[in-house]
Amino acid sequence: MITVIAIAKDGSIVEPKLDEISFEDYRLIWIDCYDPKDEELYKLSKKIGISVSDLQIGLDEQEIPRVEEDEDFYLIIYKAPLFEEDITTTSLGIYIKNNLLLTIHSDKIKAIGRLHKLISTKKPRIVFERGIGFLLYHILNEITRSYSRILMNLEDELEELEDKLLAGYDREVMEKILGLRKTLVYFHKSLIANRDVLVLLKRKYLPITTKEDRENFEDLYYDTLQLIDMSATYREVLTSMMDITLSLENIKMNQIMKILTMVTTIFAVPMWITGIYGMNFSYLPLANNPQGFWLVMALMVVIIMIFVYIFRRSGWI
């Protein structure tokens with residue numbers, strides 16, 4: 001799917017179709033390309049003068065965040081949160097050529113959707129009138145805010161998990177901890193890579209950015225550093241919670257083994273006595289005594305009581 005938003009030379013915001021675009025007629029054009037078909041990708045390539053193979057780089061989810069300079073365009077790869085069954089990350093390709101900014105991605109990125117909504121419902125000139133560098137900043141800022149929202153929500157989830165953990169071991173809690181830890185691993189790696197991109201953007205790497213744009217990128221850089229620290233801290237908390245969960249499971253298992261051992265020990269001597277009386281000896285004590293059965297039973301009860309007393313004194317039960 002291809003969406004085009006542009007600001008005309010008279011300052012009006014329009015949404016022309018790709019075929020209708022004439023780059024000379026607009027001050028700034030933003031094309032967003034989401035999960036394009038081969039035909040759409042070929043049409044886009046022909047229109048903007050960037051090869052299909054170059055465009056496919058932006059669609060590769062495994063691409064590492066970076067800034068590249070080609071003969072007539074700049075390529076920025078940036079990592080954004082991906083909301084599926086588990087929250088992970090995906091790659092966003094950003095191409096800048098003259099007055100064109102192209103975002104291309106194979107997965108749905110919520111930050112892009114929010115920016116579209118901002119442009120359609122509020123004053124779009126805030127985003128477009130200050131140049132292509134400011135539009136780039138807004139895109140990266142929305143992605144950074146997505147990370148921030150998720151990590152802030154994660155803080156509440158961690159408190160909830162701690163309460164459940166203190167209430168007792170639960171397999172669902174362990175699965176939730178593993179899922180969150182996986183998310184934080186993806187986030188931490190992606191944020192570190194995004195930080196490296198922002199280092200380049202705030203150091204005059206792109207000639208299309210103004211001094212104000214570079215100051216904005218510097219703010220984003222420090223915001224990203226904060227998010228990296230948050231993700232590292234939360235990951236350590238989750239690791240500690242995993243250790244506690246495993247310890248609780250081991251304690252529970254030890255309790256079960258202790259109970260089984262005590263039961264086995266308590267009944268070992270009575271079973272030994274009954275085993276002896278089950279043998280075919282010609283003579284056994286109390287075998288011919290009318291009260292023999294009850295005496296033997298009483299002996300076994302006494303032995304059991306002695307074991308129970310010993311275990312209680314030892315604090316095992």
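Each residue, glycine too, has its Cβ placed from N, Cα and C.
Residues or ranges marked as topological domain 'Cytoplasmic' in Swiss-Prot: 1-258 (among others). Mean pLDDT for the topological domain 'Cytoplasmic' (1-258) in the predicted structure: 81.
Per Swiss-Prot, the feature site 'Essential for ion permeation' maps to ASN254. The Cβ of ASN254 (site 'Essential for ion permeation') lies under 8 Å from no Cβ of any same-chain residue at least six residues away in sequence.
According to Swiss-Prot, the feature transmembrane segment maps to 259-279 (among others), an assignment based on experimental evidence.
Positions annotated as site 'Important for closing the ion permeation pathway in the closed state' by Swiss-Prot: LEU260. In sequence order, the list of same-chain residues 6 or more apart from LEU260 (site 'Important for closing the ion permeation pathway in the closed state') whose Cβ falls under 8 Å from its Cβ is empty.
In the three-state DSSP scheme, THR261 (site 'Threonine that confers selectivity for Co(2+) transport') falls into the helix class. In sequence order, the list of same-chain residues 6 or more apart from THR261 (site 'Threonine that confers selectivity for Co(2+) transport') whose Cβ falls under 8 Å from its Cβ is empty. Under the heading site 'Threonine that confers selectivity for Co(2+) transport', Swiss-Prot lists THR261, citing similarity to another entry as support.
Residues or ranges marked as topological domain 'Extracellular' in Swiss-Prot (evidence: a curator's inference): 280-290.
Taken from Swiss-Prot, the feature transmembrane segment applies to 291-311 (among others).
Positions annotated as topological domain 'Cytoplasmic' by Swiss-Prot: 312-317 (among others).
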